[in-house]
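**Student:** If you scroll down you'll find the structure; I have some questions about it.
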Amino acid sequence: MAEHLASIFGTEKDRVNCPFYFKIGACRHGDRCSRLHNRPTISPTILLSNMYQRPDMITPGVDPQGQPIDPRKIQEHFEDFYEDIYEELSKFGEIESLNVCDNLADHMIGNVYAQFREEDQAAAALQALQGRFYSGRPIIADFSPVTDFREATCRQYEENNCNRGGYCNFMHVKVIGRDLRRKLFGNYRKYRGHRSRSRSGSPRPRRDRDRDRHRDRDDNRDRNGRRPDRTDRDAGGRRKHGSPKRSHSRSRSPPPAREGSEERRARIEQWNREREEKP
């Protein structure tokens with residue numbers, strides 16, 4: 001019996017636990033849902049609810065004054081927001097994925113999902129975000145059960161043929177440009193554990209951080225962000241004949257295996273049993 005319950009946990013056959021909350025960390029019924037929302041006490045993923053505010057929130061493609069907005073301006077607005085959030089959260093650890101929902105339903109609009117490499121990094125970020133504000137609005141942050149975004153995203157939306165539109169119950173993930181993705185994820189810098197994690201104030205605007213970044217940039221790096229190997233070059237800057245090329249690949253231990261859906265279901269089932277056994 002226990003194996004059967006574990007096998008159907010978080011699926012449509014599960015009449016006890018909400019499958020939508022398990023898959024996407026949000027449910028259109030909210031607290032009125034007839035099924036349980038098992039909120040995790042720890043997770044590598046945090047959810048920032050309704051954080052992204054589109055410039056065309058009222059009518060797609062139109063500003064609050066009724067004037068049409070250039071799609072390029074909308075994308076630029078989104079990428080500025082995306083970079084702000086990434087640089088703020090990356091202070092606490094390596095971000096494996098950062099997804100922003102383009103859905104229009106109340107329980108999903110503007111949701112931001114940040115998945116860290118380690119659970120303790122997500123916990124540190126969650127603690128630091130408590131009581132913080134962004135763009136004059138309080139940040140509502142919590143752990144999310146979502147660890148596999150392949151099950152949470154709408155495949156039809158990725159193929160540009162979702163007939164549910166913005167009110168689809170699966171994630172419509174906004175896409176950032178190739179240059180920004182390469183900048184943030186392609187050349188990831190190891191986070192510095194001693195950076196300030198003050199809870200006061202909001203993330204600084206990007207233009208201020210860009211100015212500081214340019215001020216602190218090492219002029220001796222090439223355009224790919226690598227330091228030249230001075231020991232193997234002659235006075236003219238050319239590589240000496242016979243010098244071995246420097247390998248840029250870093251030996252890294254393989255990442256720890258993440259638990260799959262069945263392991264998560266078994267763990268949550270154990271939590272439920274322990275909660276029921278408590279007096």
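Heads up, the Cβ atoms here are built off N, Cα and C, so glycines get one too.
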**Student:** For the feature zinc finger as recorded in TrEMBL, pick the matching range from 12-40, 70-98.
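**Tutor:** My reading of TrEMBL: the zinc finger range is 12-40.
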**Student:** The zinc finger (148-175): which same-chain residues, six or more beyond its ends, come within Cβ distance under 8 Å?
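**Tutor:** Residues 20, 23-25, 28, 52, 60, 78, 97, 99-105, 108, 113, 115, 261.
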**Student:** With helix taken as DSSP H, G or I, strand as E or B and everything else coil, how many residues of the domain 'RRM' (44-146) land in each class?
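**Tutor:** Taking each residue of the domain 'RRM' (44-146) in turn, the totals are 33 helix, 26 strand, 44 coil.
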**Student:** If I take every residue in the domain 'RRM' (44-146) and average their pLDDT values, what number comes out?
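**Tutor:** Summarising the domain 'RRM' (44-146) by its mean pLDDT gives 92.
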**Student:** Using DSSP, how many residues of the domain 'C3H1-type' (12-40) fall into helix, strand and coil, respectively?
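**Tutor:** Summed over the domain 'C3H1-type' (12-40), the classes give 9 helix, 2 strand, 18 coil.
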